[in-house]
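Asks: Before I ask anything, let me first share the structure, which is written out below as structure tokens.
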Amino acid sequence: VYPLAPLLLLAWWALSLAQADPNATPTIQLRLAGDKRKHYEGRLEVYHSGEWGTVCDDDFTIYAARVACRELGYLDAEAWTPSAKYGQGQGRIWMDNVNCQGNEKSLALCNSNGLGVSDCKHSEDVGVVCTQKRMPGFKFVSNVGNNLEDMTVQVEDVRIRATYSQRKRVPVTEGFVEVKDGGKWRQICSQDWTPLNSRVICGMYGFPGEKGYNARGYKLLAKRRKKNYWGFGVNCTGTEADLSDCKLGRQVELKGNGTCEQGMPVVISCVPGRAFAPTVSAGFRKAYRVEQPLVRLRGGAVIGEGRVEVLKNGLWGTVCDDNWDMKAATVVCRELGFGSAKEALTGARLGQGIGPVHMNEVQCSGFEKSLTECAFNSEATGCGHEEDAAVKCNIPAMGFNSRLRLSGGRNPYEGRVEVLAERNGSLTWGAVCSDSWGTMEAMVVCRQLGLGFADNAFQETWYWQGEPSAEAVVMSGVRCSGTELTLDQCLHHGKHLNCPKGGGRFAAGVSSAPDLVLNAQAVEQTTYLEDRPMYALQCAQEEHCLSSSATGASSTSYRRLLRFSSQIHNNGRSDFRPRSGHQSWIWHECHRHYHSMEVFTHYDLFSLNGTKIAEGHKASFCLEDSHCEEGIQKKFECANFGAQGITTGCWDTYRHDIDCQWIDVTDVKPGDYIFQVVINPNFEVAESDYSNNIMKCRCRYDGNRIWMYNCHIGMIITLQTFFI
């Protein structure tokens, strides 16, 4: 019998080889790493054959980014970035010349040179920016074997599940931690749980810190509840801004009722900032103002966002964005009583400050009590306000918008202001007196409702029919400084109402602002070069749409034009209208049309060091609704001297084949460049968000053809801030 054993083993091995599929898809795992400024972006890294590596940017496209983001559990991709924007990785470059259709289930299914076949350097490591929303029903599957210590947490969602006695508290600060994986909520075993993990979860929910809790009650409750544990632990350092940045802990053996025998479901208790102190049902009652803050936020339209400013020697100044990262941003957010940072913003995205720049090249460990405790380079110079750093912070769910509403408007973003107030022992909706009502008060209303900046404050609202049951005035004498989080916090008459005009037609009202956003992919897909003779460009020359070298050029000479289409969407809460009325519009005889805004967009071409190489500008030949989302009617049409503007939910398309929809690149040499478009560059019309008015692309010009790629909404390029 024994001599047959080697023969049987050999036969089994041969059969295994015969059955193996040489075309089988290799098993990989993805993660986002590097110097992030928001948790859903980063350097794309691949795990294969026991080793983490990177992906080269050669031939990478938005379609490959979409595949990668979906494989990571995000709904889609917003953009991709070449040239190691998130820092250079280490180890192997696993994938090169990746070519995806966009519908593949895994990056491994896309065409490439093959795993491990690359001629790239880590200076070419690609990065991706995914959408913040996660994929419903996403289930994490580990393909890294026992090497979990380098794998980040990838789940659909996370929540603090309050007990019945805690659910009426606003905000909810304590409860069981649950993660959503595979469409089901699951508990985490507490055996390896640490306070550092709790600190990260609390930060995600808008709380600056964590504290202890009475474990006895939770143990009794856990024994009575049916448990469904997640199969992994969590290992955070405490400096992460989001659970997705934490590493996986050890794998948990799932064995029914015997799972997590030495522990229980994780419970956390968070410490809210003093402005968000919990109350029963009513939300917080009044504002808390720090007596002598050393750090503040300015220029943000919503709670917890703004440009970072620091007090030094009695003078407020800004922080330079060199090395500005999520750790520093989170220190700021926690210091101000918010949670961790949602995003570390650079390039003066929330406006330029004034005064000195107090801090540059800030480096925080993540555990500092104040930004002023972080190290920084006091010798660094040359930082201007175009590099002012800003933050967006996580804030607690306070239910602010449940006590305030807009009524009677044409859309949900305008109307009479109605508040829920206590009258005769019960809560009732009522109007706000419009005496002294102005922009500051309207700003607070829009902030409380999360609508961005206010466009107008109205003292007469007869054209808006509010709720008949809310005609009576329940708040009068409202005076806001503009920094309050809710209308309740503003000065007002309280129960002693005084409103001679009464409510009705004189009730206070607001409208929020429009928000223009350029369709980046439309630019990328419609770019081309055209050589056009000067005799066909006389009107464009009159409107200064050609470079200076065209002056005096022969009518038979040619200009090389970089053409593209612009599709400009109004994603805001009100219609975008020119500031000037019909009577102020300028007639241009050559093109025979009116300009309602003399400069509507800027087009610029930059070298890689930020030097402007070529430029163009476009007046608003005609702002109109080219197309609208389903169910929205067009309002603006330029024919017959009609009204100009862009309706909410509509977009205006400037086709590539109309005059001045170009940059004159006749004098540009072959090379790599940055193309930038800025909408509403002079801020002539108020918008709820100016940070998304800028689009930039990488482009390569070889003297005959041009390639436009990686077009995405970004920051204005300056010499100092390029590629940040």
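Using the three backbone atoms N, Cα and C, a Cβ is placed for every residue, glycine included.
TrEMBL lists 1-20 with the feature signal peptide. Annotation comment: TrEMBL describes 30-131, 160-271, 295-394, 404-513 as domain 'SRCR'. Under the heading disulfide bond, TrEMBL lists Cys56-Cys120, Cys69-Cys130, Cys100-Cys110, Cys236-Cys246, Cys364-Cys374, Cys480-Cys490.
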Asks: Using Cβ-Cβ distances, find the residues under 8 Å from Cys120 (disulfide bond) that belong to the same chain and are at least 6 apart in sequence, listing them in sequence order.
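Replies: When sequence neighbours closer than 6 are ignored, Cys120 (disulfide bond) has Cys56, Asp57, Asp58, Ile93, Asp96 within Cβ distance under 8 Å.
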Asks: Once near-sequence residues are set aside, which residues in the chain of Cys110 (disulfide bond), 6 or more away, have Cβ atoms under 8 Å from its Cβ?
Replies: Ala64, Val67, Val98, Asn99, Cys100, Gln101, Glu104
Asks: Can you figure out which of Cys69, Cys130, Cys236, Cys480, Cys490 (the disulfide-bonded residues) comes closest in space to Cys374 (disulfide bond), comparing Cα atoms?
Replies: Cys236
Asks: CB neighbours of Cys480 (disulfide bond) within 10 A?
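Replies: A 10 Å sphere around the Cβ of Cys480 (disulfide bond) contains 23 other Cβ atoms.
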Asks: For the domain 'SRCR' (160-271), give the DSSP counts of helix residues, strand residues and coil residues.
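Replies: Residue counts in helix, strand and coil order: 29 helix, 36 strand, 47 coil.
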Asks: Using the alpha carbons only, what distance in Å do you get between Cys130 (disulfide bond) and Cys246 (disulfide bond) once rounded?
Replies: 18
Asks: Can you tell me how many other Cβ atoms are located within 10 Å of the Cβ belonging to Cys364 (disulfide bond)?
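Replies: Its Cβ has 23 other Cβ atoms within 10 Å.
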Asks: Between Cys246 (disulfide bond) and Cys69 (disulfide bond), what is the CA-CA distance rounded to a whole number of Å?
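Replies: So the Cα of Cys69 (disulfide bond) lies 18 Å away from that of Cys246 (disulfide bond).
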Asks: Of the disulfide-bonded residues listed here (Cys69, Cys236, Cys480, Cys490), which is spatially closest to Cys364 (disulfide bond) when Cα positions are compared?
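Replies: Minimum Cα distance from Cys364 (disulfide bond) across Cys69, Cys236, Cys480, Cys490 lands on Cys236.
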Asks: Reported as an integer number of Å, what is the Cα distance between Cys480 (disulfide bond) and Cys236 (disulfide bond)?
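Replies: Cα of Cys480 (disulfide bond) to Cα of Cys236 (disulfide bond) measures 41 Å after rounding.
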Asks: In the structure shown, which of the disulfide-bonded residues Cys69, Cys236, Cys374 has the fewest Cβ neighbours within 10 Å?
Replies: Cys374
Asks: Could you tell me which of these disulfide-bonded residues, Cys56, Cys246, has the fewest other Cβ atoms within 10 Å of its Cβ?
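Replies: With the disulfide-bonded residues Cys56, Cys246, fewest surrounding Cβ atoms within 10 Å: Cys246.
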Asks: For Cys69 (disulfide bond) and Cys236 (disulfide bond), what Cα-Cα distance in Å is obtained after rounding to a whole number?
Replies: 23
